[in-house]
Amino acid sequence: IVSPPVCGNYFVEVGEECDCGLPRNCQNQCCNATTCKLIPGAQCEDGECCERCQFKGAGNVCRPRRSKCDIAESCTGQSPDCPTDRFRRNGVSCLNN
């Protein structure tokens, strides 16, 4: 059984851009809780690369390097999400010799 999307259930479903719950409970300034759409001018409502309803600029570090083989990830300026965690390619030494 497939049910239609329900605005106000905290799940972003087909046709929704955001879902912060019922209007009386919504604490998200970027989301219109009545329509489950972003407010005018907003690019995003949540994510490591979303700040005050806008994408953070390209180059903002969203996941710092955690080891010598890890590579720091930065926002792209085009998405609210931090890119996939990346590491140095196989065969490259990560040790200080």
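From the backbone N, Cα and C atoms, a Cβ is placed for every residue, glycine too.
Since this is a predicted model, take the numbers as computed values, not measurements.
Checking the candidates Cys7, Cys50, Cys53 against Swiss-Prot, the cysteine paired with Cys30 through a disulfide bond is Cys53. Candidates considered were Cys7, Cys69, Cys75, Cys82; the recorded disulfide partner of Cys36 in Swiss-Prot is Cys7. Only one of Cys20, Cys31 is recorded by Swiss-Prot as the disulfide partner of Cys26: Cys20.
Of the listed residues Cys18, Cys75, Cys94, Cys75 is the one Swiss-Prot pairs with Cys49, by disulfide bond. Excluding the listed site residues Val6, Asn9, Phe11, Glu13, Glu16, Asp19, the same chain places Pro5, Cys7, Gly8, Tyr10, Val12, Cys36 with Cβ atoms within 8 Å of the centre of the Ca(2+) site Cβ atoms. Checking each of the recorded positions (Val6, Glu16, Cys18, Asp19, Cys20, Cys62) against Cys36 (disulfide bond), the C-alpha distance stays within 10 Å for Val6, Glu16, Cys18, Asp19, Cys20. Look at the Cβ of each of the binding-site residues Glu13, Glu16, Asp19 and count the other Cβ atoms within 10 Å; the largest number goes with Asp19. Long-range C-beta contacts of Cys20 (disulfide bond), restricted to its own chain and to partners at least six residues apart, with a cutoff below 8 Å, comprise Tyr10, Cys26, Gln27, Asn28, Cys31, Ala33, Glu45.
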